[in-house]
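Below: one structure, written as structure tokens.
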Amino acid sequence: MPQHDQLHRYLFENFAVRGELVTVSETLQQILENHDYPQPVKNVLAELLVATSLLTATLKFDGDITVQLQGDGPMNLAVINGNNNQQMRGVARVQGEIPENADLKTLVGNGYVVITITPSEGERYQGVVGLEGDTLAACLEDYFMRSEQLPTRLFIRTGDVDGKPAAGGMLLQVMPAQNAQQDDFDHLATLTETIKTEELLTLPANEVLWRLYHEEEVTVYDPQDVEFKCTCSRERCADALKTLPDEEVDSILAEDGEIDMHCDYCGNHYLFNAMDIAEIRNNASPADPQVH
């Protein structure tokens, strides 16, 4: 069995092409467990998770990437956020009936993919591509060609392992400032495209790479763990409350006796009573009771 929830980087010695392979199981399950999503929505989030992991691994700096789908369809938002430590979280918003076998365009409708790159230091960058491809992978390949001018291919697979959702993917990309031959890149892409879902999700990464590229010279680097991690906190909720008009906060307190702030990503609840609100307004740090 493979070591799930790991990302592997690799490099072709005879071509100016690099690759990545990722599989996720536990991380995906944690993203899905607090929600009752229809299966097509689960599949999209699985693909987004794989894609975000692969894209985050292309960063040459500390920071994070958010990949989101937006549109006017029954799933009007799906988003995964990840950082250079491969810490991921995600959520989707459903506002209508989801057909059982809905494809990406049926789910999102008229929409687009937004990729937001936020370095720990430096300026934020945002790229937008229309949802013109039939798959998420095709849309992201289009993004790379438009924004990075780097030939890039993504191969994403979703399925189940031992009855639990899992997903995996591979990325091939021409090295920046290198003169890779198109024929060489196409050859490697053709090999990669033959990967079967079962192989990618159930075989160790090194065996997958050997099956695909055993006639090539490939250097495989140490893997990086992928994990679910939410960045919500009581302090962030308190900061958000500071931005609301006092009369709105007081109205909620008068009606409900407390304010319940819920994180859509992880399901945590943060409760604030009148005393907490008074402390927030006095710039004090409220106590940290938290309901899971």
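Positions of Cβ are set from backbone N, Cα and C atoms, glycine also.
Per Swiss-Prot, these features apply:
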type     : residues      : note
DISULFID : Cys230-Cys232 : disulfide bond
DISULFID : Cys263-Cys266 : disulfide bond
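Here the features listed in Swiss-Prot are painted onto the structure.
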residue: Cys230; record: disulfide bond; CB count, 10 Å: 18
residue: Cys232; record: disulfide bond; CB count, 10 Å: 18
residue: Cys263; record: disulfide bond; CB count, 10 Å: 18
residue: Cys266; record: disulfide bond; CB count, 10 Å: 18
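Separation of the C-alpha atoms of Cys230 (disulfide bond) and Cys266 (disulfide bond): 6 Å, rounded to the nearest whole number. If you take the Cα of Cys232 (disulfide bond) and the Cα of Cys263 (disulfide bond), they are about 7 angstrom apart, rounded to a whole number. In the three-state DSSP classification, Cys266 (disulfide bond) falls within coil.
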